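Below: the structure, in structure tokens.
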Amino acid sequence: MTSLPLGVKVEDSAFGKPAGGGSGQSPSSAAATAAAVGADEEGAKPKVSPSLLPFSVEALMADHRKPGAKESSLAASESAQAAGGLAQPLGVPPGSLGAPDAPSSPRPLGHFSVGGLLKLPEDALVKAESPEKPERTPWMQSPRFSPPPARRLSPPACTLRKHKTNRKPRTPFTTAQLLALERKFRQKQYLSIAERAEFSSSLSLTETQVKIWFQNRRAKAKRLQEAELEKLKMAAKPMLPPAAFGLSFPLGGPAAVAAAAGASLYGASGPFQRAALPVAPVGLYTAHVGYSMYHLT
């Protein structure tokens with residue numbers, strides 16, 4: 001508590017003269033007193049060790065100047081693991097091999113280093129691969145990330161035509177009935193009511209069955225007749241001559257054309273024949289001339 005007035009007194013004696021006329025202290029004694037006051041003030045302040053400030057300039061410079069500290073700590077941890085003889089395989093937490101209830105401690109940084117991997121047994125480095133059950137990470141097994149299994153598309157069901165509920169089942173005709181119906185149709189395609197009743201009773205059929213059979217047989221005969229007429233039309237239809245396309249060749253094809261050109265150039269075949277001027281076939285330009293005359297008129 002006496003340092004403050006002492007400091008004031010020192011300041012007055014150091015930088016100025018005292019107010020009174022008494023003799024002041026000497027400069028050497030004033031400097032010593034100021035140094036003692038500064039030391040007391042520094043001792044009163046709380047001192048912070050550099051270790052408590054990891055981001056201070058001193059701590060950063062110390063880490064930068066000593067790069068071998070981490071390597072020495074890693075080597076020490078590796079040697080401790082080798083001495084203990086408890087090399088843990090990859091992917092196994094440290095507490096799983098020991099007591100199951102013990103809390104798992106964080107892995108050292110040198111656990112996956114080159115030296116640690118070389119010291120591990122081969123069984124720990126090589127995983128057993130089974131084609132039946134491939135290993136998957138937990139995030140791949142979750143349905144959120146793994147794609148859904150492919151669904152097998154069943155073939156579409158064949159939709160059949162639905163018949164009427166009151167439809168009567170089809171009655172098959174016997175061979176004798178079919179022969180009699182066909183013979184009667186060749187004789188007469190249209191039957192009267194009396195003829196149909198008599199004919200149906202002789203075949204043990206109803207009049208409706210005979211009537212429907214004759215209708216279907218007439219439709220079939222009509223289709224066959226139209227097909228025959230179409231064939232006859234195609235057979236009787238003449239092929240378009242080459243003159244329709246602007247070209248006309250004599251009968252015999254290209255071979256006859258070549259022979260005619262050779263005969264017109266060298267005359268008739270035989271010895272001692274003079275060469276004659278080539279004469280074009282008569283019908284070669286007939287179509288072109290007619291086409292031009294038609295447009296000129």
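Note: Cβ is positioned from N, Cα and C throughout, glycine not excepted.
For 166-225, the entry in Swiss-Prot reads DNA-binding region. For the DNA-binding region (166-225), the predicted model reports an average pLDDT of 91.
Per Swiss-Prot, compositional bias 'Low complexity' is recorded for 25-38 (among others).
Under the heading compositional bias 'Low complexity', Swiss-Prot lists 71-95 (among others).
According to Swiss-Prot, the feature compositional bias 'Basic and acidic residues' maps to 127-136.
Here Swiss-Prot flags Lys9 (among others) as SUMO cross-link, drawing on similarity to another entry.
Under the heading SUMO cross-link, Swiss-Prot lists Lys127 (among others).
Annotated region 'Disordered' per Swiss-Prot: 1-51 (among others), in sequence order.
The region 'Disordered' annotation in Swiss-Prot covers 63-111 (among others).
The region 'Disordered' annotation in Swiss-Prot covers 127-157 (among others).
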Counts of helix, strand and coil residues, the DNA-binding region (166-225), according to DSSP: 42 helix, 0 strand, 18 coil
